[in-house]
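Pulled from TrEMBL, these are the features on record:
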- 26-47: transmembrane segment (TRANSMEM)
- 41-287: domain 'G-protein coupled receptors family 1 profile' (DOMAIN)
- 59-78: transmembrane segment (TRANSMEM)
- 98-120: transmembrane segment (TRANSMEM)
- 141-168: transmembrane segment (TRANSMEM)
- 205-225: transmembrane segment (TRANSMEM)
- 237-258: transmembrane segment (TRANSMEM)
- 270-289: transmembrane segment (TRANSMEM)
Amino acid sequence: METENRTVVTEFILIGLTQSHDIQRLVFVLSLIFYIIILPGNVFIILTIISDPGLTAPLYLFLGNLAFLDASYSFIVAPRMLVDIFSEKKIISYKACITQLFFLHFLGGGEFLLLVVMAFDRYIAICRPLHYSTVMSSRTCYVMLLAPWLGGLVHSIIQVVFILHLPFCGPNHLDNFFCDVPQVIKLACTDTFAVELLMIFNSGLLTLVCFLGLLTSYAVILCHVHRSASEGKNKAISTCTTHVIIIFLMFGPAIFIYTRPFTALSADKVVSFFHTVIFPLLNPVIYTLRNQEVKTSMKKLFIRQIIC
């Protein structure tokens, strides 16, 4: 007889995004095209920010890190999902499942906290412009840049520790196309009510608080901009609007998934698909399309590469 908290299940069988072969092929083609087009764009954004000495403001430092986080995040789920579409049996080992779950929450949590940092940067730049150079010094920027990575790491470790202490002795069919907390917890051979509450507190409440805090901060910024008559009013509104779009794209699905009891809904897989595959690749592109300085630098870098 197995001792308590000893893992008996050594692998999970992923049910996948859908059982329809036609929809699977459509998802594969669309995801692959999207992946091939957008991912290099994110890499190009990073290279542009690194290579252009004119893009040294904190905003671009944070934008480069956002592109890196999103590009890394897209590697956690999408490649395996594309391969599994053509696999009759979608098997993932217990260790690989835990590893996927760890990086999913490490990078995802880090990105949420980075959006908070970017909101603070925009608040100081727009509402306290005379104090910006003092508050956002180089040392402060690097500390603020390190904080999301550490915060994401702590958040993810908490998730994984809870999962590792659960016994898994069957069944091992995981109703999703990747490993995530809500589906994995449901396979545990024990009462998971208390663990679910802790997970909702760790992921759901944190996500909801960050979301409401971000909306409040941007509402304050937009009100300040609306009352002002500065020359950069339109640029500030454009930047803040872009940030708010990203907030809804990232936090909307996360709130839907993590702030409720872990009961399966028909929309879960679709929401998870956009949250883990589509939106992460779109975020930096949306930022870039609304930022004239980055677009100009990208064009210059592209021209230099063609000439060389």
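Numbering starts at 1 and runs along the chain as displayed.
Backbone N, Cα and C atoms are what each Cβ position is placed from, and that goes for glycine too.
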Is the number of Cβ-Cβ pairs under 8 Å between the transmembrane segment (26-47) and the transmembrane segment (205-225) three or more, considering only pairs separated by 6 or more positions? no
Same-chain residues at least 6 beyond the ends of the transmembrane segment (59-78) with a Cβ under 8 Å from one of its Cβ atoms are 31, 35, 39, 42-43, 45-46, 49-50, 100, 103-104, 107-108, 110-111, 114-115, 117-118, 121-122, 125, 141, 145, 148, 177-178, 276-277, 280-281, 283-284, 287-288, 291, 293-294
